[in-house]
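What Swiss-Prot annotates here:
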- Ser17, Leu18, Ser19, Thr64, Asn89, Asp105, Tyr223: shikimate binding site (BINDING)
- Lys68: active site, proton acceptor (ACT_SITE)
- Asp80, Gly129, Ala130, Gly131, Gly132, Ser133, Asn153, Arg154, Thr155, Ala156, Lys157, Lys158, Leu221, Gly245: NADP(+) binding site (BINDING)
Amino acid sequence: MKSVTSLGVFGNPIAHSLSPRIHALFAQTRQDSINYQRYLSTPGHFPRRVAEFFRHGGQGANVTLPFKQQAASLVTKLSDRARLAGAVNTLIPYGNGLLLGDNTDGEGLIIDLKNKGLNVSERSLAVFGAGGSARGIIPLLLEQKPRCLYLVNRTAKKAEMLKSQLETLGLVAANRIQVRSSASEIDEPIDLLINATSSSLNGQRLTLPPLLSENASGYDLMYADQPTVFMEQLTQAGCKNVSDGFGMLIEQAASSYQLWMGDERPDTAFVMAEMRTPS
């Protein structure tokens, strides 16, 4: 009989998290035995809660909002992609009390974009937001060699800092990322729009670029039972292929699960179908 692997997710809020069900389904497909729990915390208590979790036998944890960037400062070692992102969504214990911080968000997004037939290479992208979520996906998007990536953030200084960090790391040429404080300032047709802000959580509409390509597509990292406000905006603007971040959620979770449990990647198609079926 397999021993039970203790896993969890830290966030605030956290009661809504689908991670326990997703990982339970992964375990079902691989016949693993896991115990995956939600952990509510605050920024002040987050380091202690994480330390307690692993001290009491935790074997892996996810980190969600608002702790992804804080988690990057807690770990002993960062993976290359987590270092590039400046944010961590996966904690992996190794050695005596040591923690590796990784970030599977970008990988999850790229896999889901490919599943949906959305190509990034040589395309013009507009990414809304410059926070932890954007940091997690932009390095992986850049690896796909888009023609140009517009980073849209109300606080242009924050976006410029992110661009500068990426340039310093040698990940992007100076002309590959263009910063705009509003999408209205973009003066070329955009092929793919990605919302990495929390605007959809409060029903906030974003200003879209004035020019969209004929086959423009859109992706909201947020997800809900109904189309998000951002998705509705894009549909109204004529985008043909519009998706929420549910597929990314499943794919990044599968990457985390594989890091903890080893062996093959879980069957995400099965989990996606099960999660979309009303319980």
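Positions of Cβ are set from backbone N, Cα and C atoms, glycine also.
Feature map: annotations from Swiss-Prot on the structure.
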residue: Leu18; record: shikimate binding site; Cβ within 10 Å: 14
residue: Thr64; record: shikimate binding site; Cβ within 10 Å: 19
residue: Lys68; record: active site, proton acceptor; Cβ within 10 Å: 26
residue: Asp80; record: NADP(+) binding site; Cβ within 10 Å: 11
residue: Asn89; record: shikimate binding site; Cβ within 10 Å: 30
residue: Ala130; record: NADP(+) binding site; Cβ within 10 Å: 25
residue: Gly132; record: NADP(+) binding site; Cβ within 10 Å: 25
residue: Asn153; record: NADP(+) binding site; Cβ within 10 Å: 22
residue: Thr155; record: NADP(+) binding site; Cβ within 10 Å: 10
residue: Tyr223; record: shikimate binding site; Cβ within 10 Å: 17
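Counted within 10 Å of its Cβ, the other Cβ atoms near Ser19 (shikimate binding site) come to 20, all protein chains included.
Of all Cα pairs drawn from Asp80, Gly129, Ala130, Gly131, Gly132, Ser133, Asn153, Arg154, Thr155, Ala156, Lys157, Lys158, Leu221, Gly245, which the record names as binding NADP(+), the longest spans 28 Å.
Other Cβ atoms within 10 Å of the Cβ of Lys157 (NADP(+) binding site), summed over all protein chains shown, number 11.
Cβ-based neighbour count (10 Å, all protein chains) for Ser17 (shikimate binding site) stands at 19. When the alpha carbons of Thr64 (shikimate binding site) and Gly132 (NADP(+) binding site) are compared, the span between them is 10 angstrom. Cα of Asn153 (NADP(+) binding site) to Cα of Leu18 (shikimate binding site): a distance of 28 Å. Cα to Cα, Tyr223 (shikimate binding site) and Lys68 (active site, proton acceptor) are separated by 18 Å.
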